[in-house]
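**Student:** Have a look at this one.
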Amino acid sequence: MYAGETEKQRKPVTVASLLRMKERGEKIACLTAYDFSFAVALDRAGVDVILVGDSLGMVMQGRETTLPVTMENMIYHARCVARAHTAALLMVDMPFMSHYTVAEALHNAGRLMKEGGARMVKLEGTGEQAEIVNQLTVAGIPVCAHLGLRPQAVHKLGGYRVQGREEAAARAMLEDARVLEQAGADMLLLECVPAGLVAEITAATRVPVIGIGAGGECDGQILVLQDMLGLTPGRIPRFSRNFMPEGGSIPGALEAYVAAVRGRTFPAAEHTF
Ligand SMILES: Nc1nc(=O)c2c([nH]1)NC[C@@H]1CN(c3ccc(C(=O)N[C@@H](CCC(=O)O)C(=O)O)cc3)CN21
Ligand SMILES: CC(C)C(=O)C(=O)O
Ligand SMILES: [Mg+2]
């Protein structure tokens, strides 16, 4: 929005308001953004949570993976988005190797909050990260724990593959979700997880569960902005959908996405594992 321009006020989205949305069964619509202009557009479309994702390594920088993304990259893009002063909650990814000791996690999450303007940080991890989530919680930093397909672990996982298909892996993920919620996580994000397991985790937790390639039974959805605007070169992941044909324009596509999430028409069966 231009300086001095006024807009009808939307109440700021908070950890508490997201919890209420889960309790009421209202779906939470989330998207990534990496700059000021798109942050304003997402906010106007009624998006609840804006994620400055480390997917910026791919969609902003043209890299093959998210691994080279730095703290400086994350802070730069977070600051650009934060200047939109959105009612949408601003969540920022902790990049690869920024959160594997308590001291580093506190230092780097602190930087995303202080310098980046984040209101929540997201970290990829398992139950092993419980102590880190607990210490961030002690520091008053809202945390989203990202489970399932963790793109920062792509070389360990052997590719961008669905996670939690085998019974033992499914039990472990459910236990990780419980442990991370117990440690203080305010939100969970499940990427590329079979819909049945997602439904189980969503029912077993009080905090909102956001999905990407995780079916329609979780509390909200997230997509990478460039994928849903049809801007990604080549094939988009199966779980994604281009909303541009339906929306007709960028604001139209963003509104169509929010409406489809709220109206439970996205994701459909073909986007689900
Ligand atoms: N543009 C973009 N979109 C994303 O969703 C995204 C990124 N970048 N970068 C970071 C991660 C990487 N992601 C990905 C990338 C590819 C698949 C993929 O190709 N999945 C297969 C399913 C494989 C299986 O069945 O096990 C697919 O067909 O969609 C999944 C997640 C999600 N994230
Ligand atoms: C795909 C979402 C969940 C993400 O972590 C990112 O954009 O980096
Ligand atoms: Mg990410």
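Keep in mind that glycine also has a Cβ here, set from the backbone N, Cα and C atoms.
Just lifted these from TrEMBL, have a look:
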type     : residues                    : note
ACT_SITE : GLU191                      : active site, proton acceptor
BINDING  : ASP54, ASP93, GLU124        : Mg(2+) binding site
BINDING  : ASP54, SER55, ASP93, LYS122 : 3-methyl-2-oxobutanoate binding site
**Student:** Given the binding-site residues ASP93, GLU124, which one's Cβ is surrounded by the fewest other Cβ atoms within 10 Å?
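**Tutor:** Fewest other Cβ atoms within 10 Å, among the binding-site residues ASP93, GLU124, is found for GLU124.
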**Student:** Filter the binding-site residues ASP54, SER55, GLU124 down to those with CB closer than 6 A to an atom of ligand 2; keep them in sequence order.
**Tutor:** ASP54, SER55
**Student:** Greatest CA-CA distance (Å) over the residues ASP54, SER55, ASP93, LYS122 that the record ties to 3-methyl-2-oxobutanoate?
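**Tutor:** The two farthest binding residues have Cα atoms 13 Å apart.
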**Student:** Please report the Cα separation of SER55 (3-methyl-2-oxobutanoate binding site) and GLU191 (active site, proton acceptor) in Å, rounded to an integer.
**Tutor:** 13
**Student:** What recorded positions among ASP54, LYS122, GLU191 have a C-beta sitting less than 6 Å from any atom of ligand 3?
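**Tutor:** Cβ < 6 Å from ligand 3, in sequence order: ASP54.
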**Student:** Where does ASP54 (Mg(2+) binding site) sit by DSSP, helix, strand or coil?
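**Tutor:** Once the DSSP labels are grouped into three classes, ASP54 (Mg(2+) binding site) ends up as coil.
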**Student:** Which of these binding-site residues (ASP54, ASP93, GLU124) have a C-beta closer than 6 Å to some atom of ligand 1?
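**Tutor:** List returned for ligand 1: none.
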**Student:** For GLU191 (active site, proton acceptor), what residues in its own chain, 6 or more apart in sequence, show a Cβ-Cβ distance under 8 Å?
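**Tutor:** Once residues fewer than 6 apart are set aside, GLU191 (active site, proton acceptor) is near HIS146, LEU147, GLY148, LEU149, ARG150, PRO151, GLN163, GLY211, ILE212, GLY213, ALA214.
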**Student:** Setting ASP54, ASP93, GLU124 aside, what same-chain residues sit with their Cβ within 8 Å of the center of the Cβ atoms that define the Mg(2+) site, listed in sequence order?
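**Tutor:** Close Cβ neighbours, site residues excluded: GLY53, SER55, THR66, VAL69, MET94, PRO95, PHE96, LYS122, LEU123, HIS146, PRO151, GLN152.
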**Student:** For ASP54 (Mg(2+) binding site), which residues in the same chain are close in space, meaning a Cβ under 8 Å from its Cβ, but six or more apart along the sequence?
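**Tutor:** Residues satisfying the criterion: THR66, VAL69, MET74, ASP93, PRO95, PHE96, PRO151, GLN152.
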**Student:** Sort out for me which one of SER55, LYS122 has the most neighbouring CB atoms within 10 A, since those are the binding-site residues we care about.
**Tutor:** LYS122
